[in-house]
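Asker: Can you read through this structure? Questions will come right after.
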């Protein structure tokens, strides 16, 4: 079901983009015969794909109500992905390319649909007599994944709820400066009050219904962290000290130096390597939860910055602007999200599989080491460019590929000593590193978003 939901989401977006191009007034149309043949081919592809989807779902479902429910479920994923990418491209036109918007929309729709399916499973088991959802759908789910999923989805929905509350709360009128300040304070109180209600009441209630926690989920997190207090609290202290020292140093450099922003951002990639690598080797379960907590903090900070919530909104905006470049728009700053997700997604996707030793490190290796070395070497020593208009150099790409191979050669013996099953062949590793390095050299998009996923997929082949 997840496979077909992902496939229908992506296919629906591609059909929508094709239709938008065909009806675009700015499009230089080819001859009418080519349009007709292309439209006929597209129609055949859509029909063939729909038939394959129906046949596959019919094989895995019982004919009747369950088949209809499964078809309705995947079609809803496709419709939601199309509406979401329309909203992203219209509301945030300069925040992401079409490819990045496709990844984001399909990812959010799948993540939300997966949690809804887990919730429907519980409803089906408790209240509904029809066997619409497979009872094993919610099995083998850890408490950590449910907590992360519920909190992140709650934070993604929260801006819509806050916007609705603001419409009910505020009345448009001419205000003096004192009244405007008082309104900002009330707006801030409304924001933090509704955010606390969302995170303390609504999201935990959803978690407990979906997973049957024996205690409040936040108490479960507290007991989990203090299950191994020395190791996990030591990691927290190490992370806080490293983040504080790095942020203070690089913020001063960004204000008082002429160093290019792109190079400053690569230092954060190196910081991600030093932060996540020890934790991924020694405490992968704790890092799993920490990634979710960090992403939740990033979402809250970005919401505060965009809505200019008093008293932190302006301060956060000034601080974040010190690290932005042309790839971050004035409305949303997404680079730090893509870096964190690039490191976290390979780990989340491969969690529990000890026969894929390098797969959890795909983001750390490709972004923290490969992308960083490619930028630094290419900027300082690069002469031969891949294209006349681009900035990527052959020297930088070679340095990125070589550095990742060296890091893998040092990492594999260390992983073998920690219990991983060594099934990675050097030929497949060389192919994965080279292909992802060349893709990074040729792309003009924000490569943090998809290079780790490509590298992860090649490592798992």
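Note: Cβ is positioned from N, Cα and C throughout, glycine not excepted.
A TrEMBL annotation is a machine prediction, not a hand-curated record.
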Asker: According to TrEMBL, which of these ranges is transmembrane segment: 67-85, 86-104?
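Answerer: Of 67-85, 86-104, TrEMBL gives transmembrane segment for 67-85.
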Asker: Pick from 113-134, 289-310: which stretch is listed in TrEMBL under transmembrane segment?
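Answerer: In TrEMBL, the transmembrane segment feature sits at 289-310.
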Asker: Transmembrane segment per TrEMBL: which of the ranges 331-351, 436-456 is that?
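Answerer: The listed stretch tagged transmembrane segment in TrEMBL is 331-351.
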Asker: With Cβ-Cβ distances below 8 Å as the criterion, list the same-chain residues six or more beyond the ends of the transmembrane segment (331-351) that contact it, or say none.
Answerer: 92, 94-96, 145, 265, 268-269, 272, 276, 280, 284, 287-288, 291-292, 294-295, 298, 302, 305-306, 320-321, 323-325, 359-364, 366-368, 446, 448-449, 451-453, 455-456, 460
Asker: Sequence-remote contacts (6 or more beyond its ends) of the transmembrane segment (146-169), Cβ cut-off under 8 Å?
Answerer: 108, 111-112, 114-115, 118, 186-187, 190-191, 194-195, 198-199, 202-204, 206-207, 210-211, 217, 220-221, 288-289, 291-292, 295-296, 299-300, 303, 307
Asker: Mind checking which residues reach the transmembrane segment (67-85)? Cβ under 8 Å, same chain, six or more beyond either end.
Answerer: 1, 4-6, 8-13, 16, 53-54, 57-58, 60-61, 101-102, 105-106, 108-110, 112-113, 117, 132-133
Asker: Quick one: find which recorded stretch in 38-60, 229-247, 267-283, 289-310, 357-377 has the most Cβ pairs under 8 Å with the transmembrane segment (189-209).
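Answerer: Top-ranked stretch among 38-60, 229-247, 267-283, 289-310, 357-377: 289-310.
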Asker: With pairs restricted to those 6 or more apart in sequence, evaluate whether the transmembrane segment (357-377) and the transmembrane segment (267-283) have 3+ C-beta pairs under 8 Å.
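Answerer: Counting Cβ pairs under 8 Å, at least 3, so yes.
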Asker: What residues in the same chain, six or more past the boundaries of the transmembrane segment (229-247), come closer than 8 Å to it by Cβ-Cβ distance?
Answerer: 267-268, 271, 274-275, 278-279, 282-283, 286, 290
